[in-house]
Amino acid sequence: MKIAIRADGGNEIGMGHIMRTSVLAKELRKNNEVFYVCKQSKFSPQKYANGINKLKEEGFNVVLVNEDTCLKELIKIQSDCLITDSYDVNEDYFNITKKHFKSTGYIDDMNLYYFNVNFIINQNIGAELLQYKTNKGTKLFLGTDYIMLREEFRNDYDKIINKSISKIMVTVGGSDINGITNKICNTLKEMHFELHIVIGPCFSSKYIYELVNLSDEYKNIKLYFNANMIDIMKQCDICISGCGSTLYELAACGVPTIGIVLAENQKEIGEKLADLKIVENLGYYTDLKSEKLVSVIMDFDLNMEKRKIMSRKSKSMVDGQGVKRIVFQLD
């Protein structure tokens with residue numbers, strides 16, 4: 001089967017759509033021909049460059065369409081199946097693409113429309129409780145049974161919970177347009193913890209420059225470009241993370257996590273995981289207070305039992321087989 005995946009990544013929109021679709025794409029290409037359809041901008045060539053380059057590095061062919069005429073060009077592409085992961089959609093998009101491809105699917109977060117598609121994937125916790133408006137035969141892959149983890153996160157890891165904290169991972173995603181990483185570093189730089197900071201591919205040069213200067217001045221700050229995420233997760237005692245898909249990777253590794261909501265589509269994930277005592281949710285980044293962050297970290301440091309419980313609960317949520325379950329039903 002020939003499968004087209006419609007997704008973008010870049011400085012403005014981040015890399016979330018690229019990262020989660022690439023997990024599905026790699027599994028699908030074991031038995032299918034899989035390629036990507038990505039936007040390009042006439043006026044800002046770098047706008048989507050990071051996403052396109054990442055996909056090419058992963059060995060995918062990328063068909064480029066103009067951002068102003070995306071749908072018109074998309075329906076001219078020959079493919080048996082179209083899978084879309086983008087917020088730049090509406091009901092017209094689903095209706096039009098359904099006419100041009102034998103099968104269509106959508107990777108969803110928000111449940112905003114009537115979905116005229118053959119299947120929907122929403123891997124987020126609680127998604128199985130949502131009432132989707134779909135056609136009668138639409139397949140629904142909803143909830144944590146369908147979490148799409150990268151291959152390295154599918155093994156069962158025994159997380160060692162130390163008596164106290166010494167190493168803290170910080171990751172907010174592929175981009176950080178609001179400089180949250182810098183704020184966290186400045187808040188914690190004088191403390192006795194090692195800070196293991198993940199620099200995403202779409203971080204601005206301004207913020208990177210500031211972080212490099214900080215790491216030169218404070219030897220407890222370690223920066224990671226092209227980070228091996230699982231290695232950092234294994235060695236760190238806790239993580240400060242955005243409330244996106246990375247939370248599920250952290251859960252698979254049993255890392256006690258402090259979550260920060262960086263976008264509207266992360267709000268419910270953060271809240272539900274906090275209700276289950278899997279994540280300590282600090283809410284929206286705009287409300288992030290240095291004093292609160294320090295207080296929560298110190299509580300983690302002093303409370304080994306709390307971290308043990310969080311680690312155990314998080315690992316029980318993710319079994320690593322989500323993407324295989326999806327592909328089994330699609331192939």
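Residue positions begin at 1 at the first shown residue.
Every residue, even glycine, has its Cβ placed from backbone N, Cα and C.
A TrEMBL annotation is a machine prediction, not a hand-curated record.
The active site, proton acceptor annotation in TrEMBL covers His17. Summarising the annotation, TrEMBL assigns substrate binding site to Arg150, Glu249. What TrEMBL records for 168-317 is domain 'Glycosyl transferase family 28 C-terminal'.
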Discussion item. Under 8 Å between C-beta atoms and at least six apart in sequence, can you list the same-chain neighbours of Arg150 (substrate binding site), or say none if there are none?
Written reply: Val23, Glu249
Discussion item. Test of understanding: give the count of other CB atoms lying within 10 angstroms of the CB of Glu249 (substrate binding site).
Written reply: 23
Fill in: Neighbourhood of the residue listed as 'active site, proton acceptor', C-beta criterion under 8 angstroms, separation at least six
Ala7, Asp8, Gly9, Gly51, Asp85, Ser86, Ile107
